[in-house]
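Colleague: A single structure is presented below for examination.
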Amino acid sequence: MKEACGVYGIYSYNGDPLAKLVYYGLYALQHRGQESAGIFASDGKEFLGHVGMGLVNVVFNEEIISKITGHIALGHVRYSTTGTSTLCNAQPIIVQSKWGPFALAHNGNLVNTDELKGGLSGYKLKGTTDSELIAGLIACSEEKSFEEALLATINKCRGAFSVVVMTLDKLYGFRDQQGMRPLCLGRRGDSYIISSETCGLDVIGAEFVREISNGELVIIDQNGLQSKTWCRGERPALCVFEFIYFARPDSLIDGRSFHDVRVHLGKYLAKEQPAEAEMVIAIPDSGIPAAIGFSKEAKIPFADGLIKNRYIGRTFIQPTQSLREIGVKMKLNPIRDAIRGRKMVVIDDSIVRGTTSRQIVRLLRDAGAREIHFRVSSPPITCPCFYGVDMATRSELIAANLSVEGIRKYIEADSLGYLSIHSLVRAVNLPKERLCLACLNGEYPVKVPERLESLKLVFK
């Protein structure tokens, strides 16, 4: 499973070295995308910047950063959910328009791209992303001002989009009608920051101001910050997997840390899916908070059982199955002395394809584990996501094709238990109506075109 992207923008009134600040912000958001990174800045006359394939610290060095100057800056880290993993799809995207150049960075996924492409009016897409489609529609707009073109475009878009746009003299940030992907506003001295997560604010010593609301557009320029509501009446539908897996545990939402939510997921899991065992171990790093919660509630000692290679990225960040399978063995290694002869509960945040879970169970068996009780701090993923998470087809989702017992046999565990949707919502502590649970219950908050649904094949 992969998150789409991380976006980051700064508007400074005091000449801070913005490129370096954006670099640090993107570093904090690296977990949201590891395929490409980019930073552009405006000095009021032109854009200066750089994009490249790879991690933030691979794409940028001191020499490159020193050449990116300006009082507004925009950055992006990407994982491909639409479009291929190539440089032409790296962001921020730079587009020329009749109002001058602008840069765009996007996190999410549109569901009505076929409909939107009809409005490009001869604009030629250079890449294959829906992010560039948004930028192209703005550039092709017949509206009189850039802001009117921006508003006209986003009112046509359907799906998930948290976007930051930079012109030569302004910074814009907006979220889709449902607010499916996070986006927050911060302040550092005389600078405003827009970030996918609050961890991007913390790293540069910025103060969290508030979350940008669903259907809201913020505009930052020399006169300060303005807020406009471009869409009213839509129910919020924040992706529940931000709480389960995607967001960094030290980030906050609604004043609560994702770490705290995940600990509570583990506590509820222990109540619903108890197991007789001598130790609780986590699949690091994402399974650790839930394992701590499970351990506390079950009164079973928490211990290190698997060591993570810190120099390997997230397993699901690699876009092919063969690379994923190699990646698991490179990423995790068991502590044999701690595992040998023990009955254990193994906590993971989710099971998508089952491949990783089975390999981990085999690693633990080979290390001498006597019993392996696999527990998952989320419900079974039974439906594909169309809003920016790469779990492309039903045929890839093991829970869409097998029962819990069938999955247990496939991953070769002694027992398997999932958290219920009811307990998930309790742990998140938000009304169910404010969450997108589509991958768990098939209830999509934004209508998905039949063409897209037909691409999600099911095993017969």
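Each position is counted from 1, following the chain as shown.
Even glycines carry a Cβ here, placed using N, Cα and C.
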Colleague: Looking at the [4Fe-4S] cluster binding annotation from TrEMBL, with C239, C436, C439 already listed, which candidate in C157, C184, C385 is the matching residue?
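Modeller: Same [4Fe-4S] cluster site in TrEMBL: C385.
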Colleague: With D348, D349 listed by TrEMBL as binding Mg(2+), identify the candidate in S286, S415, S420, S423 belonging to that site.
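Modeller: Candidate in the recorded Mg(2+) site: S286.
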Colleague: Once the chains shown are all counted, how many other Cβ atoms turn up within 10 Å of the Cβ of D348 (Mg(2+) binding site)?
Modeller: 21
Colleague: Distance between D349 (Mg(2+) binding site) and C5 (active site, nucleophile) at the Cα atoms, whole Å?
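Modeller: So the alpha carbons of D349 (Mg(2+) binding site) and C5 (active site, nucleophile) sit roughly 20 Å from each other.
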Colleague: If we check Cα distances from C385 ([4Fe-4S] cluster binding site), which of the recorded positions C5, S286, D348 wins as closest?
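Modeller: Of all the candidates listed, C5 is nearest in space.
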Colleague: Pop the Cα-Cα gap between D348 (Mg(2+) binding site) and C439 ([4Fe-4S] cluster binding site) into the table, whole Å please.
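Modeller: Pair distance, Cα basis, whole Å: 17 Å.
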Colleague: Cβ-Cβ under 8 Å from S286 (Mg(2+) binding site), same chain, 6 or more residues apart: which ones?
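Modeller: Looking at Cβ-Cβ distances below 8 Å from S286 (Mg(2+) binding site), excluding near sequence neighbours, one finds Y245, D348, D349.
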Colleague: With H, G and I counted as helix, E and B as strand and the rest as coil, say where DSSP puts C439 ([4Fe-4S] cluster binding site).
Modeller: helix
